[in-house]
Amino acid sequence: METKNYSSSTSGFILLGLSSNPKLQKPLFAIFLIMYLLTAVGNVLIILAIYSDPRLHTPMYFFLSNLSFMDICFTTVIVPKMLVNFLSETKIISYVGCLIQMYFFMAFGNTDSYLLASMAIDRLVAICNPLHYDVVMKPWHCLLMLLGSCSISHLHSLFRVLLMSRLSFCASHIIKHFFCDTQPVLKLSCSDTSSSQMVVMTETLAVIVTPFLCTIFSYLQIIVTVLRIPSAAGKWKAFSTCGSHLTVVVLFYGSVIYVYFRPLSMYSVMKGRVATVMYTVVTPMLNPFIYSLRNKDMKRGLKKLRHRIYS
């Protein structure tokens with residue numbers, strides 16, 4: 001069989017999408033368009049509410065506004081191309097376009113992960129060490145955490161894309177997914193991917209597990225501290241400040257772990273698609289609702305923003 005390297009000798013890949021059934025393309029287009037618009041509008045409202053209300057200019061809401069921005073970027077990398085493909089017969093993505101999509105998908109997704117860890121640290125300091133909160137979570141420290149999150153994520157993405165660009169591909173160029181993700185693309189390669197899989201798994205463990213463990217450790221510390229609070233009202237107040245964030249963490253990491261922390265031989269296309277939709281589309285769409293429905297400060301900020309818009 002002749003081996004061809006797609007980086008130089010082909011026009012690109014074909015994205016199979018969520019379903020090959022022609023009758024489902026328009027309904028899926030409508031569903032994902034609505035979800036994308038809800039994601040964009042909801043997260044923009046969160047950002048505007050935070051920046052328009054001085055009382056929300058705190059470390060927690062600084063990270064939340066950046067998380068909302070990253071969620072918009074994250075879904076924009078994937079959903080617009082998916083929407084075009086729903087109404088297109090070719091569903092082609094160029095080789096370079098595939099690598100670019102893969103790069104920004106990983107960069108924004110990993111930044112999301114680090115921002116969730118930063119928010120967990122913020123809650124840890126606020127609940128477990130409130131007297132030192134202003135010192136530990138000063139604006140300069142928060143900015144450094146944000147810059148560190150972005151830098152590590154983009155370096156990780158660059159390394160991964162450079163690794164993928166060295167692979168060769170054979171006759172098949174159909175990606176059984178709705179975007180260019182690592183596992184489906186690796187499955188197409190006719191190169192020896194064992195070393196690539198090992199590097200990807202090791203590097204993924206280092207980059208993704210680090211913020212995840214940081215988040216878990218923070219919440220274990222928070223739980224221990226809250227359980228020592230004598231009054232039930234005090235416990236409820238402490239837990240209520242973390243409930244929204246913890247819900248988002250479970251949704252995000254639950255699906256990420258299911259998709260990425262398995263050998264390539266165990267990868268299931270259909271299950272992988274469903275789990276990927278959860279953290280790439282559903283979670284970013286739900287985040288504004290999760291963070292605002294039970295948050296009095298956010299409700300006040302959104303109400304204030306609404307009065308400004310209509311006044």
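Residue positions begin at 1 at the first shown residue.
Cβ from N, Cα, C; glycine included.
In the three-state DSSP assignment, the secondary structure recorded for CYS98 (disulfide bond) is helix. The disulfide bond feature in Swiss-Prot is assigned to CYS98-CYS190; the stated evidence is sequence analysis.
Feature annotation from Swiss-Prot assigns N-linked glycosylation site to ASN5; the stated evidence is sequence analysis.
Summarising model confidence by region, the topological domain 'Extracellular' (1-26) averages a pLDDT of 69. Among the features that Swiss-Prot reports, topological domain 'Extracellular' is placed at 1-26 (among others), with the record citing sequence analysis.
According to Swiss-Prot, the topological domain 'Cytoplasmic' annotation covers 51-58 (among others), on the basis of sequence analysis. Tertiary proximity for the topological domain 'Cytoplasmic' (51-58) is limited to same-chain residues at least six positions away from its ends with a CB under 8 Å from its CB atoms, namely 65, 297-298, 300-301, 304-305, 308.
Tertiary proximity for the topological domain 'Extracellular' (81-101) is limited to same-chain residues at least six positions away from its ends with a CB under 8 Å from its CB atoms, namely 6-7, 10-18, 25-26, 28-29, 32-33, 36, 161, 164-165, 175, 178-180, 185. Here Swiss-Prot flags 81-101 (among others) as topological domain 'Extracellular', drawing on sequence analysis.
The topological domain 'Cytoplasmic' annotation in Swiss-Prot covers 122-140 (among others), and the record cites sequence analysis as its basis. For the topological domain 'Cytoplasmic' (122-140), the list of distant contacts is 59-60, 62-63, 218-219, 221-222, 225-226, 238, 241-242, 245: same-chain residues at least six beyond its ends, Cβ to Cβ under 8 Å.
Marked as topological domain 'Extracellular' by Swiss-Prot on the basis of sequence analysis: 160-197 (among others).
For 221-237 (among others), the entry in Swiss-Prot reads topological domain 'Cytoplasmic', with the evidence type sequence analysis.
If you look up Swiss-Prot, you'll see 261-273 (among others) marked as topological domain 'Extracellular'.
Counting residues of the topological domain 'Cytoplasmic' (294-311) by DSSP class, helix then strand then coil, yields 15 helix, 0 strand, 3 coil. According to Swiss-Prot, the topological domain 'Cytoplasmic' annotation covers 294-311 (among others).
Positions annotated as transmembrane segment by Swiss-Prot, on the basis of sequence analysis: 27-50 (among others).
The transmembrane segment annotation in Swiss-Prot covers 59-80 (among others) and rests on sequence analysis.
As annotated by Swiss-Prot, transmembrane segment applies to 102-121 (among others), with the evidence given as sequence analysis. Under 8 Å from some Cβ of the transmembrane segment (102-121) lie the Cβ atoms of residues 60, 63-64, 66-67, 70-71, 73-74, 77-78, 142, 145-146, 148-150, 152-154, 156-158, 160-161, 164, 179-182, 185, 207-208, 210-212, 214-215, 218-219, 245, 248-249, 252-253, 256, 279-280, all in the same chain and six or more residues away from its ends.
According to Swiss-Prot, the transmembrane segment annotation covers 141-159 (among others).
Residues annotated as transmembrane segment in Swiss-Prot, with sequence analysis given as evidence: 198-220 (among others).
If one looks beyond the transmembrane segment (238-260) by at least 6 residues along the same chain, the residues whose Cβ comes under 8 Å of a Cβ in the stretch are 109, 112-113, 116, 119-120, 123, 126-127, 182-183, 204, 208, 212, 215, 219, 222, 225-226, 229, 271-272, 275-276, 278-279, 282-283, 286-287, 290-291, 294-295. Annotated transmembrane segment per Swiss-Prot: 238-260 (among others), in sequence order, evidence recorded as sequence analysis.
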* Structure fact -> Should one count Cβ atoms within 10 Å of each candidate's Cβ, the disulfide-bonded residues CYS98, CYS190 would be headed by CYS98
* For the transmembrane segment (198-220) against the transmembrane segment (274-293), do we get 3 or more Cβ-Cβ pairs below 8 Å once near-sequence pairs (under 6 apart) are dropped? -> no
* Asked: Where among 59-80, 141-159, 274-293 do we find the most Cβ pairs under 8 Å to the transmembrane segment (27-50)?
  -> 59-80
* May I ask for the residues of the chain that lie six or more residues beyond the topological domain 'Cytoplasmic' (294-311) and have a Cβ under 8 Å from a Cβ within it? => 45-46, 48-50, 52-53, 55-56, 61, 240, 243-244
